[in-house]
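Read through the structure below, which is laid out as structure tokens, and then see the notes.
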Amino acid sequence: GFFATLGGEIGLWSLVVLAVERWLVVCKPISNFRFGENHAIMGLAFTWVAALSCAAPPLVGWSRYIPEGMQCSCGVDYYTRAEGFNNESFVIYMFICHFTIPLTVVFFCYGRLLCAVKEAAAAQQESETTQRA
């Protein structure tokens, strides 16, 4: 359960980091700014910290991992409402921090990227029209 959750979260946060990187490169071109090794290391560190902040709490008692489906794999216990496991607060935390926030960031970054590409295409078409005249 831990490694499956960790792997899924690493994939999720990697996509968030890539979306932010693409948005910065295309929509916020700063003259002397280039992504280097330090930026890649910061992206990796952020990805792992964010993933561990999701996968580790059930190991220390905030929710738990339980067998799923055919009882051959484990996952986070989203269903139990027993007092001692604090599952409701963990599910709320997961929904906000590991679903809503990443989804919002990705939608924002790619939405702004799409707007920038449309503006560039319109400017290029306007330039071609002006050159023909």
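Even glycines carry a Cβ here, placed using N, Cα and C.
Caution: TrEMBL annotation is automatic and unverified by curators.
Small disclaimer: the values here were computed from a predicted structure and weren't measured.
Listed features, source TrEMBL:
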- 1-133: domain 'G-protein coupled receptors family 1 profile' (DOMAIN)
- 6-27: transmembrane segment (TRANSMEM)
- 39-60: transmembrane segment (TRANSMEM)
- 90-110: transmembrane segment (TRANSMEM)
Same-chain residue ranges lying at least 6 outside the transmembrane segment (6-27) that approach it to Cβ under 8 Å: 33, 35, 39, 43, 46-48, 50-52, 54-55, 98, 102, 105-106, 108-110, 112-113, 116-117
Residues in the domain 'G-protein coupled receptors family 1 profile' (1-133) grouped by DSSP into helix, strand and remaining coil: 98 helix, 8 strand, 27 coil
